[in-house]
């Protein structure tokens, strides 16, 4: 069964997110630093009648990187072609996509860190000088063909910016760090979603739901759908703070946005290793999860909320973790 607090996209959520997607920067809630910079860069590019510099958007899943790419294209008034790193298996796949671009178009590559190196190398000249050289044929009969490209904007999105090669990263003129949402911004998103889908929700309920959504709009919208179900079956259809708390408690989402897996990680650290330090590999084995899963899905939020610290010797549970789970904490 999928974890309800998973920040990766699930089921029909892609369709839901398209329905909720804002069209312009003024409609986009949160990520103000990224928005303010992009507004200037986009207006300047339009005034010069040039393609916008290539843009790299990075940060945890579910924070709106894909939405931002579509908003950028709308602001520029150009077409957007969407693909992803895992889909582009060979250089010829990328060449076919590049060959379809019109002047000023946006090419959006999600999970750009997963591009094969042979494909990435084709991007270098395409991004820098808007041309590619490709080999036609094989063996002695092969020949190089020079293909000019129209000026275009590449928008790359990644959850693993550290996995990008230096040559690729250096070719992005604009970078945007998408951060976890503050409580107020996420509350506004919950209320906007409820309004679009004609759900009746109190401000207190929206605030409580936002508080327990791990700073992530995708999770907030998912929880809102589940809480609506509880409101219809256990209440009068109105989503208030009482039904919200009852629903999220039944879904094992506590007041800090932690679920049973998060709590299992912290309890294991405290009960088996006296709070740590404990290595990530050892911790992963004890909770029966893959190391990469713990590192990518669980740990970032626990660190961001101050429940875990990374040290040279391993992960350490903080006093806040002890207090949250009801353990007595003593300084080591």
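Every residue, even glycine, has its Cβ placed from backbone N, Cα and C.
Per Swiss-Prot, the ATP site holds 20, 21, 62, 65, 66, 67, 128, 129, 130, 181, 218; the candidate it also names there, chosen from 169, 171, 228, is 171. Considering other CB atoms within 10 Å as the measure, the emptiest surroundings among the binding-site residues 130, 181, 310, 312 are those of 312. For the pair residue 315 (DNA binding site) and residue 20 (ATP binding site), the C-alpha distance works out to 38 angstrom.
In terms of C-alpha distance, the listed binding-site residues 291, 310, 312 place 291 closest to residue 62 (ATP binding site). Mapped onto three states, the DSSP output places residue 181 (ATP binding site) in coil. Checking each of the binding-site residues 20, 128, 130 against residue 312 (DNA binding site) by C-alpha distance, the shortest gap belongs to 128.
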